[in-house]
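See below for the structure under consideration.
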Amino acid sequence: MSQHELDIASSPGDVRPWIRYISSVKNDKTTARQKCILFERAVTALPRSYKLWKEYLDFRSGLCTGLNPIKHADEYDRVNALYEKSLVLLHKMPVIWLQYLQFLMLQPKVTKTRSVINEALRSLPVQQHPRVLKLALQFGTKVGGPTSVQIWKRYVLAYPDQKETMAQSLIKMGYHGEAAVVLIELLNASGDNYALWTELVDLIGESDKLTLEPPVEQIISSGIKRFPDQRGPLTVQLANFLVRNGDLESARDVFEDGITTANTVRDFTVVFDAYAEFEERIVTHLIENESPMADLRIAKLDHLLERRPFLISDVRLRREPYSVLEWQKRIALYEDPAETVAAYTEAVQSIPPAKADGKLSQLWISWAKFYAEDRETACEIYHKATLVPYKSVSELADVYLAWSQYESENDHWENAVKIIKQALESPNTHVSYHNSDLTAQDRIHKSVRLWSYYADLVESYGTFEETKQVYEKIMALDLLTPLFVVNYATLLEENDHFEEMFKVYEKGISLFEESAFEIWNLYLVKASPRLGLERLRDLFEDAISKFPTQKALYILYGKLEEDRGLVRNAMRVYSAMCDHVKTSETFKYYIGRTVENFGLAATRPVYDKALESLPNKDASELALDYAQMEEKLGEIDRARAIYGYGSQFSDPQIIKYYDAWHKFEVAHGTEDTFKDMLRIKRSIQAQFNTDIHYATTAAEVKKGTVQEFVKGETVQKGNIEPPVAQANEDEIELDI
């Protein structure tokens, strides 16, 4: 007897001798049959030993590895029997149940496997069910059919978060009804999950017959309420479901409801296009079958297409019920006069003036214009329009202006004037135009636009005195504007009331600081031919003191002095202009007037002043003109000195200046003066190139980020000495 047998005999209730015995024969030459006998002895001796049964079952299952479960069904059945035998006493051991299920899944025994799954779930505690169910789910996925459905139902009880996966699996297996039920449960639990709704609706759309609780119609209707932004696609899905189920009239009702209740053009377009396609298919079917109903359906389809622009208008008006623009678009759709009038009536009744989006007055005006050929009705509408409590005075003014213009165009100018006059009459003249607590009707008499039109109207059809009274009323109401000043002054001028005209200009100047210069300009132009010199001088001095940088005032003042023969006074004015407005244009104008009155030579002091005052770029330009002027006068040395002096303002990149100097030296210079020119040019070039500040500033000027380079920031006046000319007793030294 072997030692293992002795150990077992000495310790019959101990599992360890059996384990050692079994381990010793695992890798020796003992046959499988002999090993099985040993395992049988062991589990018979200790039937409750999990270790022994686990070793035995692993060994017997391993013997089936690679064997075809159909050809060797007997061998598989014997192993199955062993599992059953072990579970009699070890039914609380989840590992054995799981191992048994995995072994069964290798065999074509669907019913047996389902039975074992149920037994495992009954035998094991609830905490162990998920392990069994995961394995069962693999089995269900493998076999499919009702078995898979039932397993999924059991599985999601343990894993409720896997319901969406269950729905996907059921859809793949073709169980649309069961999948829809799962999706409905998910939607009821999760609320507004649009992805699930889309999945459910698509599922319904793919199923010709689907009985659900709640019904499909109710489900999709619920989706429309939950997801109003998807109203269009969901409505089409519902209608298509009804069509597939043969309920065409109900589908048509759904389409009609969809196009008449859509809140966006996008939803409307989706539903309308599907509706039209649905009707076209019906018409095609009826025509192919020569049905007598074909003509009726064609007529209904045509009517549907004709309704489209009106239905779109309905959609827009549902979104913007107080939009004047949308109501105008709606009215434009009608061709029948009666329908147009009805639309206008509906529009003005539907828009509360305080909530109007846009100018409600334009709606009333266009309605009145609709009756342009019926003066009595048009005037009645205009009158009603003037009673509407508009949000702004401007809208009420639009109505009065349109009404008056209508009467004027129809040669009823007296009525045109009367309409505006009545609008502008008010017992309370002290109200504020901007007081929104008052109605537009209470403030209309302060409308500048209406007064302006009234003044033009009275001027066209009334007398001078009547027009004058209008302007005086405007002034009394403190409604004067710069335009009123100019118009009133022009009216007085045309009727030879010059002193009153001057007073109007002066009042405008005192009231409008921002526009005072323009008014001064007109005032001085009008006053120059009519007032004495001393008074005019006072006016000009006053204007210039207020606007010292306005070149036009100096030019006008200087011209006055010249016209009166006081040329030297004019020159003083031009000199003052150059003191206050330091630009090349002002100096050129001053130089031009000096040349005309005193000749070229007299311009030297002006040029000197310009070179002292102007920034580099302008100084360079004037220096060139100055030198060329001296050249014309034959003053060659003076011209050369000016070229040299002006070079400090002139970047050598300014080709014009140095080209002129070059030509001058070629024409009048010597070799020495030419060399001096080149030396100065090189010196200036070096100065401009090495001045870092200049280089940086020039780059920024090129980009437009800073002002241009000005004299005094780089090369200072006098830094470069003019070239020394040849000894000449007539040489003139410039003190510039």
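Count begins at 1; order follows the chain as displayed.
A Cβ is built for glycine as well, from the same backbone N, Cα and C atoms used for every other residue.
Per Swiss-Prot, the features are as follows:
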type: REPEAT; residues: 1-27; note: repeat 'HAT 1'
type: REPEAT; residues: 30-62; note: repeat 'HAT 2'
type: REPEAT; residues: 74-106; note: repeat 'HAT 3'
type: REPEAT; residues: 130-161; note: repeat 'HAT 4'
type: REPEAT; residues: 246-281; note: repeat 'HAT 5'
type: REPEAT; residues: 377-409; note: repeat 'HAT 7'
type: REPEAT; residues: 428-460; note: repeat 'HAT 8'
type: REPEAT; residues: 462-494; note: repeat 'HAT 9'
type: REPEAT; residues: 496-529; note: repeat 'HAT 10'
type: REPEAT; residues: 531-563; note: repeat 'HAT 11'
type: REPEAT; residues: 598-632; note: repeat 'HAT 12'
type: REPEAT; residues: 634-667; note: repeat 'HAT 13'
Lying 6 or more residues past either end of the repeat 'HAT 10' (496-529) yet within Cβ distance under 8 Å of it, the residues of that chain are 475, 480-482, 485-486, 488-489, 536, 539-540, 543, 546-547, 550, 552-553, 556-557, 560
Could you give me the DSSP helix, strand and coil counts for the repeat 'HAT 10' (496-529)?
26 helix, 0 strand, 8 coil
Cβ under 8 Å, sequence separation of at least 6 from the ends of the repeat 'HAT 1' (1-27): give me the contacting residues as numbers and ranges.
34-35, 38-39, 42, 45-46, 49, 51-52, 55
In the same chain, residues at least 6 away from the ends of the repeat 'HAT 4' (130-161) whose Cβ sits under 8 Å of its Cβ atoms read 94, 97-98, 101-102, 105, 110, 113-114, 117, 120-121, 124, 169-170, 173, 175, 178, 182
Same chain only, please: residues at least 6 beyond the ends of the repeat 'HAT 2' (30-62) with a C-beta under 8 Å from a C-beta of the stretch. Say none if there are none.
8, 12-13, 15, 18-19, 21-22, 78-79, 82-83, 86, 89-90, 93, 95-96, 99, 103
Take the repeat 'HAT 4' (130-161) and count its residues per DSSP category (helix H/G/I, strand E/B, coil), listing them in that order.
30 helix, 0 strand, 2 coil
